Amino acid sequence: MRRTPPIRVLSRALSIAAATLLLAACADTAGDTAQGTAGCEAYQQYGTFKDKKVSLYSGIVAPEDEPHINSYKNFERCTGIQVEFQGEKEFDTQVQVRIKGGNPPDLAIFAQPGLVKQLVETGKAVQAPDTVVANVKKFWSESWQGYVTVNGKVYGAPLGANVKSFVWYSPKEFKAKGYTVPKTLDELKTLSEKIAAGGQKPWCVGIGSGDATGWPVTDWMEDMMLRLSGPKAYDDWVNHTIPFNGPEATGALDAVGEYLKNPAFVNGGLGDVKSVASTQFQDAGLPILQGQCSLHRQGSFYAQNWPKGVNVSPDGDIYAFYFPSKDDTSKPVLGGGEFVVAFSDRPEVKAFQTFLASDTWANEKVASTPGGGWISANTGMDASKLTNPIDKLSAQILQDPKSVFRYDGSDQMPGAVGTNAFWKQGTNWVTGQSTKATLDAIEAAWPK
Amino acid sequence: MQAISERSATARKRLSSPIASLATVVIAVLWSLPTAGLLVTSFRPQADIQRTGWWTATSFTLDNYRQVLESQTSGRSLSQAFVNSVVITLPSVLAPLAIALIAAYALAWIDFKGRDLLFVLIFALQIVPIQVTLIPLLNLYVDAGLAGTYWPVWISHTVYSLPLAIFLLHNFMRGLPKELVEAARVDGAGHVQIFLRVLAPLLVPAVAAFGIFQFLWVWNDLLVALTFANTPGTNPMTVALANLAGSRGSAWYLLSAAAFVSMLLPLIVFLSMQRFFVRGLLAGSVKG
C-alpha cells in the first residue's frame with residue numbers, strides 16, 4: 001500500500017515525542033547526581049531508606065502544587081524516600097474510586113473532616129502511628145485535633161489552613177472616600193448603608209461554582225451563626241443536636257438575607273439580586289477593581305483570584321478585613337483546612353506522614369511558597385517568615401488568643417446536607433425562596 | 001417513474017438552489033460560532049475574559065498559550081502528557097481494530113452454530129454503560145498487579161470499543177459481493193488468504209473510518225484515563241489540561257487556550273483522513 005501523508009506526520013510526531021522523553025529522562029538523572037547530606041540534621045529522626053516510594057494524592061493542582069513538591073525536596077534528599085505527588089481536579093470522586101477499586105494512594109489530602117470520618121467507617125483508613133499522634137498533640141490546638149480524631153483514635157494530621165471570615169475591599173477607595181474598616185456587625189451595616197446612599201451597590205456576591213453552586217451561601221450563614229448565637233450553638237447546629245431550622249439558624253439566615261437579598265446592597269457591577277446565583281464565585285470580587293462595588297466576603301484563598309499586577313496589601317488596591325463580630329467581647333473565626341490520611345503503614349509512609357505533621361515541614365512549606373497563599377495552624381510555624389500580607393493577617397487571626405476558631409460547618413455535616421441540600425436550597429433561597437421553606441427543606445434532608 | 005439520470009438532475013437542482021445554499025451557510029455559521037468564540041477567547045487577556053464576552057474583544061495576547069505550554073501537573077510538563085496521550089492512543093486504536101477485523105470476518109463469512117446469537121450478544125454489549133464497569137475492572141487490574149502501568153487503560157479502551165468495531169466492520173464485510181469470496185474459495189484460497197488478499201484491500205475505508213472514530217474518542221477521553229491511567233507518569237493531555245483550571249478554579253481563563261492545544265493533533269488527523277471518514281461511515285451503515 002501507498003504510504004500516506006498522515007502516517008508520515010504521525011511518525012514525525014512520534015519521533016519528536018520520543019526525543020522529548022529522552023530529554024526528560026536525561027534531566028532527571030542530572031538532578032539525582034546533585035545529592036548530599038548537608039543540612040540533614042533535622043531529618044535524622046526519620047531514618048534512611050533505599051529505593052522506597054510514597055505516593056501522595058490530593059486535589060492540589062498548579063500553581064499550588066509546585067510549592068508542595070518543593071517543600072519535601074530536603075526530606076527526599078536526606079531520607080532517600082521518593083515522594084510521588086499527584087494533584088488532580090477530580091480528586092474528590094477519583095479518590096473514592098481508587099479506594100473502592102483496591103488501589104488507594106499511600107497518603108491522601110482531604111479538605112473535609114466529615115469525609116475522614118466516613119473513610120474510617122469503611123475501614124480503609126489506617127490509624128496514625130504514634131509518631132504522628134505525638135506531633136498532632138504537640139503542634140495543633142484541641143479543636144484541630146478533634147477533626148482528625150474518630151472514636152477516640154487519631155486517623156491523620158492537619159496540614160494547611162485558611163481563614164474564611166474575610167471581607168475584601170480596596171484600601172485606596174476607603175481612603176479616598178473616607179470609609180473606615182468596621183469593627184462590629186452594626187458598623188458593617190452602617191457602612192453598607194452609607195455606600196448605598198452614595199448611589200453605589202456596596203456588595204458584590206457570586207455563588208456560582210459548577211455543581212457546587214451555592215457553597216458561598218453556606219459560608220455566609222455559618223459566619224452569621226457564629227456571630228449571632230455563639231460557638232456553642234454553632235457546634236450544636238453542625239452536629240444536629242439542635243434542629244437545622246431552629247430559631248438560631250433562622251436568625252442567622254435572615255441576617256444574611258439583609259445583605260444578599262437586599263436590592264440596595266447587591267450586586268455591584270454584576271446586576272440585580274438574581275445575579276448573585278448566576279455569577280461565578282471566582283469572578284464575583286473583581287468589580288471592586290473597577291470601583292463598581294466596595295465589599296466582597298470570601299476566604300483568604302481568594303487572594304489567588306486577583307489578576308496579576310494587582311497590589312494586595314494594607315494600603316494597596318486590594319486587601320481584606322476580618323468579618324466583624326457582634327461586639328468586641330468575642331472574635332469567632334470561620335475557617336477550613338486540609339488533613340492527611342494514610343492508607344498504608346509501610347515504614348517509609350509512616351516516616352513521611354510524621355514529617356508532614358512536624359514543624360519542620362510547616363516551615364519548609366512557608367519557605368517554598370515565596371509568593372504566599374499558604375498557612376498552617378501548626379503552632380510550630382514561624383509566622384514571622386510569612387511574606388504575603390494576607391497570609392500574615394490570616395496567621396495573626398488564627399494565633400490571636402481571643403480568636404475562637406470553628407471549622408466550616410458544611411464540610412463537617414453529612415454529605416447529603418453539607419455538599420447537597422445546603423448548597424441547592426441556599427441557591428433557591430437567593431433566587432426568592434423564603435427562609436422558612438429553605439431551612440425546613442434542609443432539615444428534611446438530614447439523614448435520620 | 002423517473003429515470004435515474006433525471007432524478008439525479010432534479011436532486012442537483014434542488015440541492016444547489018439559493019435557499020438550500022443559504023440554509024447551509026446559516027447552519028455552518030451557527031455550528032462553528034461557539035468554536036470561533038472559543039478561539040477568540042483563547043487570545044484575550046485574563047482580565048478581559050473574566051469581565052466581558054468574546055464578541056467585545058479588542059486586545060489580544062499570546063499569554064494564555066504560553067502559560068498552557070509551560071504548565072506543569074504534579075511536577076510533569078505538558079510534553080510528557082502529550083507523549084502519554086500518544087502512547088495511550090496508538091495501541092488503543094490498533095488493538096481493537098486487529099481483534100475486530102478477525103472477529104468480523106468470522107461472523108460474516110464463516111458459518112458456525114450460534115453465529116447470529118453471538119453477533120447479537122456482542123452488539124447488545126454496547127448497551128452496558130462503561131461507568132458501571134469502572135470499579136470492578138479496576139479491582140481486576142489491581143489483583144493482576146497492573147495498576148500504575150499503561151496496560152489497564154489500553155485493555156479498557158480495547159474492551160469498550162470492540163462491540164461497535166465488530167458491528168461496523170461486520171456490516172461492511174457483509175456488504176461486499178459474495179461472489180468475490182466464493183471465487184477465491186473455488187481457486188483454493190483458505191480463510192487467511194481470503195482475508196488478506198481479497199478482503200483487506202476493500203476494507204481500507206471502513207478501517208480508516210473506525211480508526212478515526214476510535215482515535216478521537218481515546219484522545220478526548222477523560223473518564224477512562226482518570227480511572228485507569230491514574231498516576232502522574234501515565235496521565236494523558238486531557239487530565240493535564242483539566243488540572244490547569246487551578247485548585248479552586250482561579251485559572252479557568254486558560255481553558256480556552258488549552259482546548260485548542262489539545263485539538264491540534266485530532267484536527268490534523270481528521271483533516272488529512274476525512275475523505276475516508278465520510279465514505280467509510282456511509283459504507284458501514286447502509287447494507288448494500
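Using N, Cα and C of the backbone, Cβ positions are placed for all residues, glycine too.
Some features that TrEMBL has for this protein:
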type	residues	note
DOMAIN	B:82-273	domain 'ABC transmembrane type-1'
TRANSMEM	B:20-40	transmembrane segment
TRANSMEM	B:86-110	transmembrane segment
TRANSMEM	B:117-142	transmembrane segment
TRANSMEM	B:154-173	transmembrane segment
TRANSMEM	B:194-219	transmembrane segment
TRANSMEM	B:251-271	transmembrane segment
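With Cβ pairs under 8 Å as the measure, the transmembrane segment (B:86-110) is packed most heavily against B:154-173, out of B:117-142, B:154-173, B:194-219. Beyond the ends of the transmembrane segment (B:194-219), by six or more residues, the same chain brings 85, 88-89, 92-93, 96-97, 100-102, 105, 109, 157, 161, 164-165, 168-169, 172-173, 176, 180-181, 184-185, 237-238, 262, 265-266, 269-270, 273, 276-277, 279-281, 283-284 to within a C-beta distance below 8 angstroms of the stretch. Counting residues 6+ beyond its ends, the transmembrane segment (B:251-271) has Cβ neighbours under 8 Å at 38-39, 41-43, 46, 49-50, 64-65, 67-69, 71, 78, 85, 212, 215-216, 219-220, 237-238, 241, 244-245, 277 in the same chain.
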